[in-house]
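Written out below as structure tokens is the structure these notes cover.
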Amino acid sequence: MSCRAGKKLFQWSRVKSSTEEIVKQLTVPLREHAEPILTLTPEQKREAVRLKIQEIEHTKGQPPFFDMFMREHTYLRISLTEKCNFRCLYCMPAEGVPLKPKDKMLSNSEVLRLVKLFAAHGVDKVRLTGGEPTIRKDIVHIVEGISSTPGIKEVGITTNGLVLQRFLPQLRDAGLTKINISIDSLDREKFAKMTRRDGFDKVWKAIELARGYYPKVKLNVVVLKHQNENEVVDFVNLTKDRNLDVRFIEFMPFGGNEFKNDNFIGYREMLNLIVDKYGDGVIRLSDSPNDTTKAYKIDGFQGQFGFITSMSDHFCNTCNRLRITADGNLKVCLHGNSEVSLRDRIRCGDSDEQLSEVIQKAVNNKKARHAVFRNGRSEEPAKSSNDSYRGLTPVTSASSILVHLPSSSLYHSHLHSSRHFFISQIRCFSTTYSVSSITHLLTHVDNNGNAKQVDVSQKDTSTRTAVARGTIILTAEISRQISENTIKKGDVLTVAKIASILGAKQVANLIPLCHPIRLDFVDTVFNHDIENSKLHCISTARCSGNTGVEMEALTACTIALLTVYDMCKAISQKMMLTNIYLVHKSGGKTTYTIDNENQI
């Protein structure tokens, strides 16, 4: 080897090593992406949630939509149409996709009603998507209606830009605050190949027009290997003297786009290309809360760039997004198949309260992460909501435990039901209260210490809710068979769920001084801790009446656990029911909420 050749090889190795080292530093996860969404102590979390809910309920009047992982959903994406005037390679086949009839699509008024409903629950950001949203003829009126909805702070649109010039001035005047334009190549021929349409000039003119209207315009670039990855640096160069935020999007699988791993290029590989060009001039920026983008910029450049890394490094921990399809289906995860039709509910005459319950139920079923990244490998999107990965069967209102945290005292008037027990506790604490001063606190005991039923005829009728929790400790074998649904008697959790409903209906026949109640709703959900051989149960009861449903919730929970015992006792009697307690009650004179049994 000549001296000159050896010198070149040394220089190349040093550059490569330097690039790898820079990329390694640049891809260290930021705290908001590397850590779970909740990093507070339990006490801090309870206080933060209580204050946040108080703030939102004070201004909006409705509790926010929290999922079972305490992610608050404040961002709504609405697809306005299935139609598109492009046929992008990564999005749909050349012949397009089958379209639903127009009467199956959400109307203008239905869209605005849903926006108003979500805004009442704390959603403050709405983005309009498609298909191509600018195809919709009433797009300007929709933007105007959304922007004028109380509580909505941002209205954005994601568009391919083909006809944007025609509408942009009107959209801005109507209240459009954010704009994302999709453009996957800066080469006209390649652009036409990737979109199967000749529209580069119109799209570029739309970008330039938008730059004059908005302080920052986002460009969405889906990067495909062997297609446009060689343009990554060219797109970054656009940010030198332009107010652009270029977002490189990893190719994702979804219906109709014929996803192939051969076309996939991860963000670290893209970042390598940029660092090879700019070296340590690449700067990592801080990401905003709930941001989907890992943000960067080149030192001295006006704009910035980033990566949406749904495939290689998910951002599910901070996901605050919900989606409504053009035909009115609610999706809590882009990668999930689970949907619920809000359109059908609206057209059947559901009230806003009923719609809110449907939405909360769907949000409760949102998984910790989208299916593509379970167990560290790529998998098919979830087919069933009864998912052992989460250990949760479908839930309805368990998260209401978290969205009704009170600021009032945790005193519970039915905690002690025995006069003797109450007085013995008083002696332990050296108090000097008389029996008569104590028994008036016990609503089922008169001044002489005799049992009585409470007269509820003068109480106001209101919606009463109660939630109870309990646990059954299992053997490892029973736990395994429940998870695999191989118990000989049948589906344990389904039978226990039904039994809990039947049990709640029998409370007045079982507890002597309880009033018969017309229940509006009873539901039980299970959280199976397979590793520790525990099955946790949460039961919710609700009624519209003049007395509470705490006993119904507690009975439902207890009966559910007893049913599990009965279904499994042929395997082993070594099971124990434990920690059955009231978690939450609301709707009456007092509200009561507790996070765990240690607070009792």
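For all residues, glycine too, the Cβ spot is worked out from N, Cα and C.
Per Swiss-Prot, these features apply:
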- ASP566: active site, for molybdenum cofactor biosynthesis protein C activity (ACT_SITE)
- ARG77, ARG127, THR158, LYS218, ARG321, LEU322, ARG323: GTP binding site (BINDING)
- CYS84, CYS88, CYS91: [4Fe-4S] cluster 1 binding site (BINDING)
- TYR90, GLY131, SER182, MET252: S-adenosyl-L-methionine binding site (BINDING)
- 68-284: domain 'Radical SAM core' (DOMAIN)
- 396-595: region 'Molybdenum cofactor biosynthesis protein C' (REGION)
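In this view, SER182 (S-adenosyl-L-methionine binding site) is surrounded by 22 other Cβ atoms within 10 Å of its Cβ, with every protein chain counted.
Take the Cα of ASP566 (active site, for molybdenum cofactor biosynthesis protein C activity) and measure to each of the binding-site residues ARG77, CYS84, CYS88, SER182, LYS218: the nearest one is ARG77. Within 8 Å of the Cβ centroid of the [4Fe-4S] cluster 1 site, not counting the listed residues CYS84, CYS88, CYS91, the chain contributes PHE86, ARG87, TYR90, MET92, ASN160, THR195. Rounded to a whole number, the distance between the Cα atoms of LEU322 (GTP binding site) and CYS91 ([4Fe-4S] cluster 1 binding site) is 20 Å. Within 10 Å of THR158 (GTP binding site), counting C-alpha to C-alpha distances, fall none of the binding-site residues CYS88, TYR90, MET252. Counted over all residue pairs in ARG77, ARG127, THR158, LYS218, ARG321, LEU322, ARG323, the record's binders of GTP, the longest Cα to Cα distance measures 21 angstrom. Mapped onto three states, the DSSP output places LYS218 (GTP binding site) in strand. With CYS84 ([4Fe-4S] cluster 1 binding site) as the anchor, the candidate binding-site residues are ARG77, GLY131, LYS218, MET252, ARG321, and the one with the nearest CA is GLY131. According to DSSP, ASP566 (active site, for molybdenum cofactor biosynthesis protein C activity) is assigned to a helical segment. Annotation note: LEU322 (GTP binding site) sits in a strand segment as assigned by DSSP. Cα of LEU322 (GTP binding site) to Cα of GLY131 (S-adenosyl-L-methionine binding site): a span of 17 Å. Packing around TYR90 (S-adenosyl-L-methionine binding site) is summarised by its Cβ count: 19 other Cβ atoms lie within 10 angstroms of its Cβ, all protein chains included.
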